Amino acid sequence: MSDLTHSTAAELAAKIHAGEVSSVEVTRAHLDRIGAIDETVHAFLHVDTDGALAAAQRVDDDVAAGRPVASPLAGVPLALKDVFATEGIPTTCGSKILENWIPPYDSTVARKLRDAGVVVLGKTNMDEFAMGSSTENSAYGVTRNPWDLDRIPGGSGGGSSASLAAFQAPLAIGTDTGGSIRQPASVTGTVGVKPTYGGVSRYGLVAFSSSLDQGGPCARTVLDAALLHEVIGGHDPLDSTSIDAPVPPVVAAAREGAAGDLRGLRVGVVREFTGEWYQDGVIAAFDQAVEALRGLGAEVVEVSCPHFDYALPAYYLIAPSECSSNLARFDAMRYGLRVGDENGNSAEQVMALTREAGFGAEVKRRVMVGTYALSSGYYDAYYGQAQKVRTLISRDFERAFGDVDVLVSPTTPTTAFRIGERVDDPVAMYRADLCTIPANLAGTPAMSVPAGLSDDDGLPVGLQVMAPALQEQRMYKVAAAYEAARDKAWGGPLINRVPELEVAAR
Amino acid sequence: MTASTADVLDYDEVLARFDPVLGLEVHVELSTNTKMFCGCPTAFGAEPNTQVCPVCLGLPGALPVVNGAAVESAIRIGLALGCDIAEWCRFARKNYFYPDMPKNFQTSQYDEPIAFDGKLDLELEDGTVVEVGIERAHMEEDTGKSLHVGGATGRIHGAEHSLLDYNRAGVPLIEIVTKPITGTGARAPEVARAYVTALRDLLRALGVSDVRMDQGSLRCDANVSLMPKGTTVFGTRTETKNVNSLRSVERAVRYEMTRQAAVLAGGGEILQETRHFDESTGSTSAGRRKETSEDYRYFPEPDLVPIAPSAEWVEKLRATLPEMPWQRRKRIQADWQLSDLELRDLVNAGAVDLVAATVDAGATPNEARAWWVNYLSQEANTRGVELAELPITPAQVARVAAMVADGKLTNKLAREVVDGVLAGEGEPDAVVAARGLEVVSDDSALYAAVDEALAAQPDVADKIRGGKVQAAGAIVGAVMKATKGQADAKRVRELILERCAG
């Protein structure tokens, strides 16, 4: 095990910028780690060795020449979810239909990362088109949870979360449509943040559900997530839904929070997020986390958000509706998979054959549900009603934030479940997102921070912290304060309890 | 394919039994520099697939950004049509699969158009004014173009393969939809043509589009239905596409009326369908069946934010509206002192803009009118093209008129010069030089010709000398013949009298 792969991004950046270690060394250490264990974990769909080393060399050249580095994270390696278009580098979205597609352009997030001197190691595995909670829906095989290789790493961003927990990268990027950053973070004992909708550009993020998708930072510490958040956030004229406002001061908030003083802060516990679907060990860990917040001086009250109960069904109308339209472009005419081109088939037949062969079962399920929900005669009853629920959920948040500064809940009702356990029960799979979906529907920010291990199975539990739109600094402060208290209570970073993978591997 | 005569009913009989109802949908390509949702250029006729980017190709992850200039044009069109401008409206996705549509949905507007509830007054050839209600004008993006190769008709049926050009994909379009047009009876085809003409003139005056039907920057879909005389319930309509000229608008409506009447009279039912107009036969043929295939699953476009034009902005745009074609016609009538009939001739010939431009280039209104409404209109008719499509410019006409006024050309010579310009022989002066058409204004050359003619007809010369001035005509004729018509007859006459006065 290398110190370099077990360092935080902040530590690595400091050493690289001070010339104590080169970015190339750091990058090589992570590439070696990927080479050693990714056959076991399968976090990556594509590793860009040459590109990563070239990016690292550029940072080293800056440092050697005494030029200012491009950003506070210059030279630090990162794993990018394979849903962001990267010029010249394959982008598959975990789907056969985009196998071998090499985008001719960069997503804004990819461009910002390059501009910031962040070293992109490669592209991470994901549920096909970000539809799923386990990464089992990837067309390229499952990703394994480093805490227990028989378990899922969460989804859809399981490749990104697993790469962090496996020390293949200190930073990762995910996207969160219904929980795809936070739930993987929760089940891998890592930190994942869904920013305010519009806080991070969606340009070049291959759309699943446009009104819900949001890219965000993933890391092993709150401060690292904050540093990455400030690199990728901010207004983008290429995304009409991007917010034209400064990125909230999340790095400062994370540093301030680490001092561990939450006096004067009101924390709301969402009453609706408990019940039969919640694992006892998760509830116990969550209760301890809430106690810890009290111990830091926060005032904790219970808050009711009655419409959150309708979030899941509303989400499973809105997201499929938008996806049925967004995924229509995958038709074999211009790029991607093409099936049935011979035998004099018509364009329409080629489209149908390609989509039949190229999409997995979950994608087809959602495209069909969405097509149905938008059909004339059903629109008002389904899509229309779901939009009304969305408004009611936003109002629940507004009312709650009139009373408290942040809301907290478990991130997901259970710890990592076993690979295969829920593949034949879509609704059970969907319940993984019970607590995360409301923030997507309201467009408000939320994050997951590790909250210890469940006492019934020894697996990581996540604490979700939610804040009002563009008030990310509040949740970063709370998460950082809690993180410091937790590490103190556990006698060191929780992530260091991940089993040694080399031993687990053959 | 081609309809046999049995398929259509005699036009008079159609009108005896049915009332037509029209609905016209006009698509206008805006002449903005860039596309509706990206920065690609919109110029017509570029090499295929050279004016494209990730956005207009609908590549995974690409997102649209609204072109503000297109919104401005849409609002100005709405205002010129007397529409209300929405205080808040959204784009919507119209979902259907077609290879020339990169995203397999068209970003359009559905139940929230930017402009709605307006009207346009049309003047028919005899001066009758018809008011056409405007239902809405909305913004959308154009599709790419398919080129079907290997079939006889250029249509997809029977084609071996198809080529796709996405240069047009994403070009800003405004779709203008009329309310149902009723009560026009026999004049329905004429009203349809007059509507498209009036709309075209309006859009041209606004400067928002090239309005070239031949290039597809103005496209008309004609919805036609019939209802039996005495009833008020609309019949099933058909939508005829590929109507690519003003004349075709008129022909397509007339044909559909006679075809539908034959179906109905035979006890049949009209199918709600898209039909395709064939210029060569003047008939329509069935295209897509509508009721089976089209559920567009509209929903608000989540990638774009709503458009909320402020009242100040709308008023500012209202102030930019130019003189409307009908206001202009009134002014021209007064300025040029035209009778109602003269004005109507001018308008019906489609010559208002051309005459005005010719006057701007220095001709008098009467000279300019004489050229365009008389000589050039005949030429356009002969060629079967619109007046504006003749290969001669107002500046060239004005130059010819100036040469006539200066006595350098006779009217006959002037017509030859114009013919030369139309034949592609260059500018008027070049035609004059090349064809040697200039009036012989050199008196010494004319004296010689006059003397020669007088010598050749001594008896006539004597008569003139004897005071019979009208006999000079024969000598003038002879001189004109000798100079191949290039002499100024008036001057020739003066010289003859001068010679005989001696």
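Glycine is treated like the rest: Cβ placed from N, Cα and C.
What TrEMBL says about a protein is an automatic prediction, not a curated fact.
What TrEMBL says about this protein:
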| type | residues | note |
| --- | --- | --- |
| ACT_SITE | A:Lys81 | active site, charge relay system |
| ACT_SITE | A:Ser156 | active site, charge relay system |
| ACT_SITE | A:Ser180 | active site, acyl-ester intermediate |
| DOMAIN | A:25-474 | domain 'Amidase' |
Min neighbour Cβ count (10 Å) across active-site residues A:Ser156, A:Ser180 flags A:Ser156
Determine the Cβ neighbour count for A:Lys81 (active site, charge relay system): the number of other Cβ atoms within 10 Å of its Cβ. 32
Overall pLDDT of the domain 'Amidase' (A:25-474), taken as the mean: 97
Given A:Lys81 (active site, charge relay system) and A:Ser156 (active site, charge relay system), what distance in Å do their CA atoms have, once rounded to a whole number? 10
Cα of A:Ser156 (active site, charge relay system) to Cα of A:Ser180 (active site, acyl-ester intermediate), in Å and rounded, measures 5
